[in-house]
């Protein structure tokens, strides 16, 4: 399944490219005249669309043209599609370029704020009923925004600008943190203390997220040079993130389900513990499988692969709904535990754990909701950067919680049984890793 998913992600990687190569096909344009060849968020006063073709004679014979529509204007036309004929609709394009030279540039200027533009290929057969076979026009299309000096050399659309720098800083932060804490954490895990399992699962999830950030940085570094990037690295980044999300979901859900179900079965005199019962395990597995299915479905639904997709598709909407339900249900379960807990230390432990769970599950839905008030080109960056930073904070909270000698070990020493995901009660009396 993992390799098939990786193949799917790689197959759709070309949709990321802002350097497009292919052929203008008259029959395809005639069958689907409203399907854009490219979509790009231009910004500034000197954005450029550059087109290179190999068969000028065929382009001239077919009267090949490129029509550019602003997204808002195009959506208005789509809402009144019956009111305009095919020819009338394309005549309303904001910009038009006749394709009749080997290389041509079209400047997109006077843009008040960054917005999405659609590029359509049209020729004399597109809106005609009669069609005769004709030669395809091989092309290369490069979409560029102005850089800091105003020169049209930036391959990033307005919605992607800044992500390259963000991933660089994120990778740098992971590297510095690893240099400081990796050795002591590894020694702690090697000692097989009571929290060995939870620390190992948490560390693997963190490594996957770090790998995702590094792969994204490599992709964007290559992308900044040629507008194509390294689709395999971009796809690998998303795959690592998906596996990390699934692993963290199972970890947090297992802990919360174990505590909640354990509390139902035990009297108030006995503290909470991890119970690997068929009920708790079954619920955790069902939810994990459901999220995995939705994540894979999301890849089919949205070919522009990013770690955090827009919430317009059905799969993305269901995924956000699932996270909201998980966050609220786990918060409610932990709240019931906290309200009946008499020990201040235990109550502080559970409250901190609840904060980490809520932050992990609800950061994406909350940011997706908040992003609606911003312009389209800002939404992806807000969701991507916000979710990554929020989940990093959640992981830090969990590490501090389960490595804390002052808090966890006090809670553990008060228990007559082990806390969640411990390896055995025999380790209970170990007060140091």
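Numbers run from 1 along the shown chain.
Using N, Cα and C of the backbone, Cβ positions are placed for all residues, glycine too.
Since this is a predicted model, take the numbers as computed values, not measurements.
What TrEMBL says about this protein:
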DOMAIN    19-129  domain 'GPR180-like N-terminal'
DOMAIN    170-398  domain 'GPR180/TMEM145 transmembrane'
SIGNAL    1-17  signal peptide
TRANSMEM  166-186  transmembrane segment
TRANSMEM  198-218  transmembrane segment
TRANSMEM  242-261  transmembrane segment
TRANSMEM  281-297  transmembrane segment
TRANSMEM  317-337  transmembrane segment
TRANSMEM  349-370  transmembrane segment
TRANSMEM  382-403  transmembrane segment
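For the domain 'GPR180-like N-terminal' (19-129), the mean pLDDT of the prediction comes to 88. Here the domain 'GPR180-like N-terminal' (19-129) has, by DSSP, the following mix of helix, strand and coil residues: 30 helix, 42 strand, 39 coil.
Sequence-distant contacts of the transmembrane segment (317-337), counting only residues of its own chain at least 6 positions beyond either end whose CB sits under 8 Å from a CB of the stretch, comprise 249, 252-253, 256, 259-260, 263, 272, 287, 290-291, 294-295, 298, 311, 350, 353-354, 357-358, 360-362, 364-365, 368.
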